[in-house]
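Got these off TrEMBL a minute ago, pasting:
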- 41-62: transmembrane segment (TRANSMEM)
- 85-234: domain 'Penicillin-binding protein dimerisation' (DOMAIN)
- 275-575: domain 'Penicillin-binding protein transpeptidase' (DOMAIN)
- SER322: active site, acyl-ester intermediate (ACT_SITE)
Amino acid sequence: MDRPQPYRAVGDRTIENAHSQRCRSPDGGAMMKLEGALYPWRFRVVVGLLVSLVLAICWRIVDLQVIDHTFLKEQGDARSLRHIPIPAHRGLITDRNGEPLAVSTPVTTLWANPREMQQDKSKWPMLAAAMGQDLKALTERLDSQATKEFIYLVRGLTPEQGQSVLDLKVPGVYGIEEFRRFYPAGDVTAHMVGFTDLDDHGREGVELAYDDWLAGVPGKRQVIKDRRGRLIKDVQVTKNAKAGKTLALSIDLRLQYLATRELRNAIVENEAKAGSLVIMDVKTGEVLAMVNQPTYNPNNRRTMVPAAMRNRAIIDVFEPGSTMKPISMTAALDSGRWKPTDKVEVYPGTLQIGKYTIRDVTKTEGPVLDLTGILINSSNVGMSKVAFDVGGESIFRAMQRVGFGQYTGLGFPGERVGNLPNYREWRKAETATLSYGYGLSVTALQLVHAYGALANNGRIVPLTILKSDAAPTAVQAIPEATAKTLQGMLQQVIEDPRGVYRARVPSYHVGGKSGTARKTSIGTKGYAENSYRSLFAGFGPMSNPRYAIVVVIDEPSKGGYYGGLVSAPVFSKVMSGTLRLMNVSPDNLAPEQVNTAPAVVKGGRG
């Protein structure tokens, strides 16, 4: 069935055909332009925007490449260009003969970026093993500082050890080149040389006293690094590192080894608590050796204990006991009222001063002693009576002139000045006790300085720990005639049959004086029971005194405590070795019965 078609009139068909023909006529394009021309502003806006965009891009290119090129390059470099320090090693420390005492060696320090390391923990076990650290402890440390970007992992590795860790390529682990001090003589020179901290700054001894001289000036290196801090390119050195200056000390390493050996043996043999020994050149003021026991190894900081780090020769103060009698005796001889042969009554070996009783430890052969005999017998009674005659001020001045109660000028860290009470405060009892070494305090360094003046014909020279070629400025602290008289008296103290024979030195004439001082009781004004310091101070050879030595043994507990018994043998051995090592010709070749000192091989280190 046909679908019905809609009705369409003939006229409508005619109109439709005519319209379609008109649209297909050649004038159709013009009609389209006319329609676009009805909105000209749209076209212009679009074209303008396109042109502006092109111009802006061109301007930006010019701006970046020409106008702001320098600024932008600097900004870019600031984000990738870095200045890293070039470490400068500290100056070399040597003894007087050029033997190295402190040298700087290259080391590697490992640091980490904990934040970066958190990204990969799989290599942490290998890292801990390579560094010799506990994995659990390392993990806890890194996790607890996970937000930080810099921590030290380990410092002071050898370059080989450091590179073996870096070869693991653990993300966030990096290395820095540094220097670390090494001390070839170890514990033998520890108290003199001292040590540095992890940042290579002096902390003790010469390392601290001359830190500015020894410290180098770091340089700068310009490098390019990526955002992870890894080195991409080494650009240039902008500032060269400047090494520290060399420092030559006055000490002779051979004598330092000799003194260390003999002092250590004495500490062990006498079961003593501690000890000190100082050797000085009386002509130049140079300290040739300074040793203490106990000591420490500056190359192994883990074993350090505070007691062992004390430089007792300059820090510990003590009453010098009878070693002070020769100084007091200079006041008597200098007064013109006394001669070495003048006699003093010492019977019955005690002297009462008010409520105080002064006693002699050693019984004398007779009721009187001359001044030399007072020194040989170490008579407190005799010395006190001489002091009463001379007066406290004269004794005080004599002590003051040789440096007691004053700094030595050595410039050593921690040096103590001791205590010399003003003579105006001395009563009769103080005049007596101070004359034989009680009531004042000194250091071993001060004591050897004073004996150096006696040995140098009364001339005192400034002490120094640096090697010196220039002649020092000397001050006549004691009249030369008085000093020479005392030298002869002190020689008799050792060589007289009643003297300190244990201090004798084979083939040489030497002089000196022993001392024994009770130690004060801590927290009280009295003295401790059975607690003593044993001392000996002397010099030689007597034909031309050149070297002074002081030995201090603290709290010997086996076989006695007198200075002539404990410290005198140490003096003998060290003086014997010193004179031989320094090629001093013997001045006493006549055979005599002496305690033989062990031979020291020339050129050895004791």
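Using N, Cα and C of the backbone, Cβ positions are placed for all residues, glycine too.
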Specify the secondary structure state of SER322 (active site, acyl-ester intermediate) as given by DSSP, simplified to three classes.
helix
Restricting to the domain 'Penicillin-binding protein transpeptidase' (275-575), report the mean pLDDT as a whole number.
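95, rounded to a whole number.
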How many neighbouring Cβ atoms, not counting its own, are there within 10 Å of the Cβ of SER322 (active site, acyl-ester intermediate)?
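Its Cβ shell of radius 10 Å holds 25 other Cβ atoms.
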According to DSSP, how is the domain 'Penicillin-binding protein dimerisation' (85-234) divided among helix, strand and coil residues?
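Computed counts for the domain 'Penicillin-binding protein dimerisation' (85-234) are 46 helix, 48 strand, 56 coil.
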